[in-house]
Amino acid sequence: MLRTHYSNEITEELNGKRVKVAGWVQEVKDLGGIKFIWIRDREGIVQVTAPKKKVSQEIFKLIPKLNSEDVIVVEGIVNFTPKAKLGFEVIPEKLEVISRAKTPLPLDPTGKVKAELDTRLDNRFMDLRNPKVMAIFKIRSSVFRAVREFFYSEGFIEIHTPKIIATATEGGTELFPLKYFERDAFLAQSPQLYKQMMMATGLDKVFEIAPIFRAEEHNTTRHLNEAWSIDAEMAFIENEGEVMDLLERLISYVINYVREHNEKELKTLEFELNEPKRPFPRITYDKALEILSDLGKEIPWGEDIDTEGEKLLGKYMAENEGADLYFIYRYPSEAKPFYIMKYDEKPEVCRAFDLEYRGVEISSGGQREHRHDVLLEQIKEKGLNPKSFEFYLKAFEYGMPPHGGFGLGAERLIMRMLDIGNIREVILFPRDRRRLVP
């Protein structure tokens, strides 16, 4: 390897020892008889100090010729001293320029000079050199790691379902069509049907982390056309409350994992991530509409709570319940997909829920309808063709246990967890209504 240590691995035990550090030139300072280079790697900064009397003439003459964002390797001796900004410095014995950076740069990777989001996304490779941007994606990595750890600890099995499908998961037209040889196909908008089919296999508890594709023409700060979904399904449940319990445990685990493992990144972002208040409050859809009505926002029964309503409710729950996270459940059946189980005693209401995080929906779930005859009727009620779902319905004819699950938007979770205003900032190369490159 061209380096022996990252910046954060240089400790006092290495004082007087030889190391090789590598990264991007963040800054060069020439004070005449002494020159400085600050090298940035993914873990932080290394100060290279070059006194004229202690380094070769070749190195001394090369340093002023370095440009910002040149990639260099420095081999030298570690010196811990209070005079150094970071508490230590490296006195260079060798300096090699690996790659030169063009000038001017497309944006300032230190973030001191602000750039428009579009400029940043067009130059994402350089945008991530900004420590604050990199911190977001280190936290994103931790989120996915924590999700897997949680599900494995709960006895779940990871599955992988197809992303090229023949029919819509939930009906509707929000699908990206493609040619599959001589046939028409679509990109999957959800693994819903497949994870339910897994409940007939005996696997009982499954999860998947995978991309989903939705051809929605939204151009908002919280919508993407390609996003990552965290999906779970479990069998032999008694009601949707058990699914909400599972989701609450997952969210709490993830947030606490980030609090524990990403202190440095949270500090870089200057953000305090609080432990979630548990249990998450649970309010019915009817209660949510009542609260909104008291706040002057009227929503007809049966309609989804719109963006304005979600924000008002989020503010209300924070101020009155001290809760950032809360469930809304017992939705009107007409507002939810065909596979959600209705209450037998009140079929206009179903066993669905949404999880809201400070006024933004991050997850939807519920108990599914496992009775073949009832499910078939619900497909027809939604105006869908049962023949399009024969492969799915077949799994319900040979012994299907009661089951439920949820889909959780990874980007929305991260966006709300870190209080970031635009969802495009938490995915490397966003795909939205207007962006297909890079």
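Count begins at 1; order follows the chain as displayed.
The backbone N, Cα and C atoms fix where each Cβ goes, glycine too.
Copied over from Swiss-Prot, here are the features:
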- Lys85: site 'Important for tRNA discrimination' (SITE)
- Glu170, Arg214, Ser364, Arg368: L-aspartate binding site (BINDING)
- 192-195: region 'Aspartate' (REGION)
- Arg214, Ala215, Glu216, Arg222, His223, Leu224, Glu361, Gly409, Ala410, Glu411, Arg412: ATP binding site (BINDING)
- Glu361: Mg(2+) 3 binding site (BINDING)
- Glu361, Ser364: Mg(2+) 2 binding site (BINDING)
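Here the features listed in Swiss-Prot are painted onto the structure.
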{"residue": "Lys85", "record": "site 'Important for tRNA discrimination'", "Cβ contacts under 8 Å, 6 or more apart": "Gln47"}
{"residue": "Arg214", "record": "L-aspartate binding site", "Cβ contacts under 8 Å, 6 or more apart": "Glu174, Leu175, Gln189, Asn225, Ala227"}
{"residue": "Glu216", "record": "ATP binding site", "Cβ contacts under 8 Å, 6 or more apart": "Glu174, His223, Asn225"}
{"residue": "Glu361", "record": "ATP binding site", "Cβ contacts under 8 Å, 6 or more apart": "Glu310, Asp354, Leu355, Arg412"}
{"residue": "Ser364", "record": "L-aspartate binding site", "Cβ contacts under 8 Å, 6 or more apart": "Ala352, Phe353, Asp354, Leu355, Phe406, Gly407"}
{"residue": "Arg368", "record": "L-aspartate binding site", "Cβ contacts under 8 Å, 6 or more apart": "Gln196, Met199, Glu233, Tyr339, Ile340, Met341, His403, Gly404, Gly405"}
{"residue": "Ala410", "record": "ATP binding site", "Cβ contacts under 8 Å, 6 or more apart": "Arg140, Val143, Phe144, Ile209, Ala227, Trp228, Ser229, Ile230"}
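Comparing Cβ neighbour counts within 10 Å across the binding-site residues His223, Arg412, the minimum falls on His223. Proximity of distant same-chain residues to the region 'Aspartate' (192-195), defined by a Cβ-Cβ separation under 8 Å and at least 6 residues beyond the stretch ends, is recorded for 159, 161-162, 169-170, 206, 208, 231-233, 337, 339, 389, 392, 405, 407.
Secondary structure of the region 'Aspartate' (192-195), assigned with DSSP and counted as helix (H, G, I), strand (E, B) and coil, comes to 4 helix, 0 strand, 0 coil. Largest CA to CA distance in the ATP binding set (Arg214, Ala215, Glu216, Arg222, His223, Leu224, Glu361, Gly409, Ala410, Glu411, Arg412): 19 Å, whole number.
DSSP assigns Ala410 (ATP binding site) to a helix.
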